[in-house]
Structures are given as structure tokens and as C-alpha cells.
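Step one of this worksheet: look at the structure below.
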Amino acid sequence: MSALHSIPHRSKKLPPLRVGVGGPVGSGKTTLVEMLCKSMRERWDLVVVTNDIYTKEDQRLLTVSGALEPERIMGVETGGCPHTAIREDASINLEAVDRMLAKFPNADIVFIESGGDNLAATFSPELSDLTIYVIDVAAGEKIPRKGGPGITKSDLFVINKTDLAPHVGADLAVMEADTQRMRPAHASSRPYVMTNLKTRAGLAEVVSFIERRGLLHAA
């Protein structure tokens, strides 16, 4: 990992970009955050806030994987419904973000990983500037056409674990067609990406989306 002083920080005319990563339990949110950190940490100054209901397991997993230095990863225990902590009452996460930015004032990006939740989960605009919603193919071919704010309103929709399609009888072409129908503006304002994070397939597209839509190269 490069020394942080050598990283070209985002223009300080702009506040840190806050990227919310949501999705059901087991969809691959933590793996995506891990791989985003490892792909982007040479170029950008990163910190992470993870959410779990009763533990700090995702913080532990990211730390063990070496995604970032341990002090750059903070876990919060939300209790109750995980969507409440990112939407109706985001105070616990807002406080965590403030604490991380006090420790790392040059941070360019704050990744906020929600606890696993249902298709209705969304991030408060006070907490997240960009939202990424992750589902996995193993949950069923029907998931994209079920709709819900995570699928229809997220800035980027990620269909993960594409390698499992033949094992669960899912047709990726059907999932893609349903996604295009549920996200009619997908080609411009609401894109989607098919990923297999085991092989890094699709990861570069997610990174490019964050850098482009997050104005990370703005002067």
C-alpha cells in the first residue's frame, strides 16, 4: 500500500464522497467494499463504516482481509432493523462518519456498508451521496423484477455472483432484461453491473462509476 502522503487527494473544494453500499444478507456487500478498497486505495484516501445488527463482524472481515489499515475501518452495531440506521434515523452512522473524518480529514471517500436488509432499504441523502445496491444471483432469477427502492432507485445496481447462475437455474439474460425494465434510465443515470467478484469481473466498472459519478477527478 502506498504511503498516504503520495496519494493525489480529491480536490478540497469538495467534501468527501460518501458511498452507501446496501443489499440483502450474503449478497456480497462486504466483499465488494473489500475489493473497492484494494482497487482504489493507491489513488484515493479511504475510510469505511460498517453496520451489523449485533456484532462488528464486517469490520473484522475487512480488517483481516487487509482492505485498509485497521484504524480506517469502524464498525457500528445498529440493533433492531438495519434500514433504520441508514434511513429513518441515521444518527449513529452520521456520528461514525464524523468521527472517522475527524481522524482522517483528508479522506476522499467514505464507504458506508449497511447491514443486510430487504429490497425496500434505502440510504438517507444526509448519509450517502451515491448508493450502490447489491443482490446475488443465488437469491433467484426473479429478484430484479420484484422491484423495491434498492433495485429501482439506487445509483448503481450490482447483480453479483453471476458464476452461480447455472447452479441455481437462473438465466442471466432474463435478470438483465428485468433490470432494464425496472431501471428504464439505466443507460445514463441509473446503470447496472453484472459481477463475479471471485474473478473481479465487473469490478472495474464499479470503480469507474464511483470515480465518474462522484466527481473524483474534478479540479
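Residue positions begin at 1 at the first shown residue.
Note that Cβ sites are derived from N, Cα and C of the backbone, with glycine treated the same way.
Residues or ranges marked as GTP binding site by Swiss-Prot: G23, P24, V25, G26, S27, G28, K29, T30. The region 'Disordered' annotation in Swiss-Prot covers 1-20.
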Just jot down the residues in the same chain as S27 (GTP binding site), at least 6 apart in sequence, with C-beta under 8 A of its C-beta; none if empty. G116, V134, I135, D136, A139, N160, K161
Can you check which residues sit near G28 (GTP binding site), meaning Cβ under 8 Å from its Cβ, same chain, 6 or more apart in sequence, and list them in order? V134, D136, V158, N160, K161, T195, L197
Near P24 (GTP binding site), how many other Cβ atoms are within 10 Å of its Cβ? 19
If you count the other CB atoms within 10 A of the CB of K29 (GTP binding site), including all protein chains displayed, you should get 27
Around the Cβ of G23 (GTP binding site), the count of other Cβ atoms that are within 10 Å: 28
DSSP three-state call for K29 (GTP binding site): helix, strand or coil? helix
May I have the list of same-chain residues other than G23, P24, V25, G26, S27, G28, K29, T30 whose Cβ is within 8 Å of the Cβ centroid of the recorded GTP site, in sequence order? G116, V134, I135, D136, N160
